[in-house]
Each structure stands twice: as C-alpha cells, then as structure tokens.
Amino acid sequence: MNTLNSSQKVFEFNQSPPSFRTTYAKKLLNVAAYTWVVTAVIGQLFFALYVTVEFLFSGIKGNFSEWNNQLPTGFVPGDTLINLALILHMYLAVGILIAGGLQLWPRLRNNHPMWHRWIGRFYITAVILTACGGLILTWGDDGGVGDPTQHIGITGNAILILVFATLAGFTAYKKQFHQHRWWALRLYLVVNGVWFFRIGLSLWLMIHQEPVGFDPETFTGPTLSVISFASYLFPLFILELYRLVQLYGQTTMQYLATTTMVLLTLATLAGSISAAMIIWLPEM
C-alpha cells in the first residue's frame, strides 16, 4: 500500500478533478509508472558511475586529454570555449543525474521540503548551463559528431530543456505546485534525452546484432537521426498520454496504459543493460 501511495504522489498532476474517482486500475497504473521510474533511475545512476570513472577522475588529475579516447570530440588544443563547455558538461552531468532521481523521491519532497527546494535550484541551474554548453559543443568549430539532422535534434532537446527549466522554476517560485510538478516531470524527461539516446541505440543494436541504418564510422544515418528526436519527444508523448489517461481515461484505457508502461519498463531495462554491456562496462 505504501508503494501505491508513493507512486500516486510522484505522478498525480491534479489532486481532485471534478469527475475523477480513484480506482484499482488507476492505482495499478501508478505502480507501473513508479516501477518505470525506479528502473530508469537505476540505469541513470549506472550512467553517472560511468561518467565519474571515465571522465571525472581523470579530470581531477588534470588529464583532460584522456577524454579524447572516449569522446568523438574531446579536448581541442587552444579552443578555450569548447574546452570549458566540455568540462562544464561532464562535471555537471553526474550531479544532474543524481539530483533528478532525488527530486522524484516522494519522501524527500514531503518530509524534507527545504532539501527538495535547494536540490531543485541546483538542478535547474545545472541543466540550463549544461544545455548551453551542449549547444556550444554541437555547433562548435568542428560541428560536433553526427550530421546536421542530429545537430538539429540535439538543439531541439536543448531548447526544450531551457523552456521547461524556466517554467518549472517560475511555477515553483509562484507556488503553483500542481503546474510545477507537471513542468518538472517534463524537464526530467528532456534532460535525460542523452541517456534515452544511449539506451535506445543500444537496444537497437542488441535487437539487430549489427549497425542497421547508420554508419558507425561516421556516426551518421537515418537510425541516428530518428533517435536524436525520439530520445526526448517520445518520452514526452508517453508522459502526456499518461496524464490524460489518469485524468479522463476509463478503466479499460487505464489497464491498456498499465500494459504499455510494463512494456516500456522492460524496454528501458533491456536498453540499460545493453548500454552497460556495449558502451559503459567495456570502458570502465
């Protein structure tokens, strides 16, 4: 029962809509969504561990040139702006991944609101800086990795991060907490676009057992172009469907949504394991 209540607190957007009544189907959907979040947060923490081991430790020692062994566009001699953007991007990434998971924890938000507020302030500030740094890295002197279509997809992701961060911060400042939670969840999803990209691509490789639809040497192709947009637009689409089903869906729709969330949880788990085996563990 505690799990049911916790999941409701994380995902409920409006406490008491006029024609809404709590049903078992709704509670089951909340549990399915909560399970997906737990699965995602664990995967993101493993991603944070990878970034820490591969980048932060060597950076602390001043060996930034080692980053070039893992990154397609690493340290560029003499390019101060690109290098600063890269350092900012990598060092804030770990804090963002951890803070995002903490902000979804109902006990922290309900029992320790001061911590929730300060972590939220850090999160919003950090994602704004990281989004700006990402734009610099994407459109820098060498154009970044990938083709222009991917660059546009990454730019769209960064723009949504800036917009949602502003709205999440503004609604929190105005104490419009229902609206704030909605924008904060949107922000959480688009901020993790880079993680969704990696687990999505890894799942694609696991299914096909070879690079299908892209050239791994140039890192270009239709598969990568699609994932560049889907990595943040698809999660937003699912979140909006979830909200509508929670508010207005009949019992049958809620059961269908629960089934969808279970499938998405399995896909997220498979993608996270694939990313760990293909990308992260071999480099650690």
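Just so you know, glycine gets a Cβ as well, placed from its N, Cα and C.
Feature annotations, reproduced from TrEMBL:
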- 31-60: transmembrane segment (TRANSMEM)
- 80-102: transmembrane segment (TRANSMEM)
- 122-140: transmembrane segment (TRANSMEM)
- 152-173: transmembrane segment (TRANSMEM)
- 185-207: transmembrane segment (TRANSMEM)
- 219-242: transmembrane segment (TRANSMEM)
- 254-281: transmembrane segment (TRANSMEM)
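Looking at 80-102, 122-140, 185-207, 219-242, 254-281, the range that has the most CB pairs within less than 8 A of the transmembrane segment (152-173) turns out to be 122-140.
Within its own chain, the transmembrane segment (185-207) has Cβ neighbours under 8 Å at 11, 40, 43-44, 47, 96-97, 100, 103-104, 124, 127, 157, 160-161, 164-165, 168, 223-224, 227-228, 230-232, 234-236, 239, 267-268, 270-272, 274-275, 277-279, counting only residues six or more beyond its boundaries.
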